[in-house]
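A short write-up of the structure that comes next.
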Amino acid sequence: MDKIDLVAHAKVNLTLDVLGKREDGYHEVEMIMQTINLHDRISFTKIDTGIEIISNHPEVPIDKSNLIYKVAEMLFEEFELTGGLRVNLDKRIPVAAGLAGGSSNAAATLVAINRLWNLGLTSEQLAKIGGKLGADIPFCIEGGTQLATGIGTDLKELPKCPQLYLVLINPPLSVSTAKVYGNLNLEQVAKHPSTDKVIKALQEQDREVIINNLDNLLENVTLKFYPEVANLKDKVTELADKALMSGSGPTILGFVSGIKEAEEIKNKLEKELTREHKIVVAKTVNHGITEI
Ligand code: ATP
């Protein structure tokens, strides 16, 4: 096999909690991660030599700083692979949006190289390798609904989430994840997400309890430092059943009962917000990297 085409999905956090800071500087987290249908399409082709990335998105680097490149380079070295790789990235996941787009691309690269060079590695082995380059990469491989603990790389599969529909609104500003974590003062946090309640609701397939308990601890910081994100969340709170920030931001998610409601909110916000806002209707899916 010389070519493989993969779909790399975005993720959202149904809950995101930070439990403490470790001595090595990493934060101890507890998050319920969920794959959504918004995705990038990536073609991987074996070539004679080198790693080449072609992207349709101006904000995505195509040099060594691209996570695709880093994963490929690491695997080529570790497994002493011969030949090279050309990657054609059709980017649709908003960049630096808190949707794990880069991590998902990295996960796809692990899957692709494993298949193209017949490495025979299991998903668990790929996850372990991916975790060295980014905490969200292991989740993106199998995706679905999983509980992530430790620094985010210890994963436990949870019952499949009942179908949820959402509108994603990505405002035209970038949020520094390092700044958000750096300014998080756990002693000042009044309430942590009810992760256990959401896990129980997943077991009982209780959509209403899940939606009512969607929660992201990092909102305490991002909404304070980025008032535009706070205003956007207020606006979405008025329109959707529940508004939630994704990851460290700045994307805001509006959860609703169906696709029609999601489309209505999208249409309304497109009239109210500037054109630089990316607004997408999405739904939850139960799988990670898939072949086209
Ligand atoms: P996370 O939620 O995992 O923190 P994110 O969704 O907020 O990630 P990404 O879209 O992964 O953010 O991009 C973060 C930065 O990583 C970008 O600004 C870009 O410069 C860099 N980057 C490296 N590789 C990629 C890639 N394959 N796709 C997108 N961005 C990438």
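Just so you know, glycine gets a Cβ as well, placed from its N, Cα and C.
Annotation source TrEMBL lists active site at LYS11 (among others). Mapped onto three states, the DSSP output places LYS11 (active site) in strand.
The domain 'GHMP kinase N-terminal' annotation in TrEMBL covers 66-144. In the domain 'GHMP kinase N-terminal' (66-144), helix, strand and coil residues by DSSP number 43 helix, 7 strand, 29 coil.
The ATP binding site annotation in TrEMBL covers PRO94, VAL95, ALA96, ALA97, GLY98, LEU99, ALA100, GLY101, GLY102, SER103, SER104. Long-range neighbours of PRO94 (ATP binding site) (same chain, six or more residues apart, CB within less than 8 Å of its CB): GLY101, LEU168, ASN170, THR251, LYS278, VAL280.
Among the features that TrEMBL reports, active site is placed at ASP136 (among others).
Confidence over the domain 'GHMP kinase C-terminal' (199-272), given as mean pLDDT on the 0 to 100 scale, stands at 98. Residues or ranges marked as domain 'GHMP kinase C-terminal' in TrEMBL: 199-272.
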Cβ-centroid neighbours of ATP site PRO94, VAL95, ALA96, ALA97, GLY98, LEU99, ALA100, GLY101, GLY102, SER103, SER104, 8 Å, sequence order: ALA10, ILE93, GLY247
C-beta crowding around GLY98 (ATP binding site), within 10 angstroms: 28
Nonlocal residues around LYS11 (active site), in sequence order (Cβ under 8 Å, 6 or more apart): MET33, GLN34, THR35, ILE36, LEU99, ALA100, SER103, SER104, ASP136, PHE139, CYS140, GLY143
Spatial neighbours of GLY102 (ATP binding site) that are distant in sequence (at least 6 apart) but have CB under 8 A: ASN66, LEU67, VAL95, GLY134
Distant-in-sequence Cβ neighbours of ALA96 (ATP binding site), under 8 Å, six or more positions away: GLU59, SER174, VAL175
Contacting recorded positions, sequence order - LYS11, SER104, ASP136 vs ligand 1, Cβ under 6 Å: ASP136
